[in-house]
Amino acid sequence: MAAPSGSVNCEEFAEFQELLKVMRTIDDRIVHELNTTVPTASFAGKIDASQTCKQLYESLMAAHVSRDRVIKNCIAQTSAVVKSLREEREKNLDDLTLLKRLRKEQTKLKWMQSELNVEEVVNDRSWKVFNERCRVHFKPPKNE
C-alpha cells in the first residue's frame, strides 16, 4: 500500500506509527496472499503463478520503497527541528520549556530511526517468504 496522497504528518509519532502500520499491511498478509494466489504443484495448471508472483513482487517493491521514503523524510524533518532547537537552546540556556521540547524531539527522532531497523526486519521476512514460494515461478530483475 502506498502512502496516502499529500504530505505525511511527522509531528505526532503515534500518527507516524499508525501510518506505517497501515502501509505494512501487504507484508503482514504475505503468507496468506501467497497461499491463496500461488498454486501448489497439484493446482499448477489452473493459475499463472509467474504472473501472480510478478504482481506480488511489484506490490512489495512499491510498498517497501514508499515506506522507506516516508521514514527517511520524517527523520529528515525531525532532525531539522532538533537542529533548530539546539541552536535556540545554545542562545538561551535557562529556558526549561525549550529544553523539554528539545528532549521530546530528540526522543521522537530516535524512535523514527528505530523504525528503519523495524523496516529492515519486516522487509527481510517478506522477501524470505516470497522467495520460498515464488523462486520457481518468477525471477526478480538483477538490478533491484
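Each Cβ is built from the backbone N, Cα and C atoms, and glycine gets one as well.
Model, not experiment: these values are computed from the prediction.
Annotated in Swiss-Prot:
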type	residues	note
COILED	82-120	coiled coil
MOD_RES	A2	N-acetylalanine
MOD_RES	K100	N6-acetyllysine
Study note, to complete from the structure: Confidence over the coiled coil (82-120), expressed as mean pLDDT on the 0 to 100 scale, is 95
Exercise for review: Name the secondary structure element type, per DSSP in three states, that contains the residue listed as 'N6-acetyllysine'.
Suggested key: helix
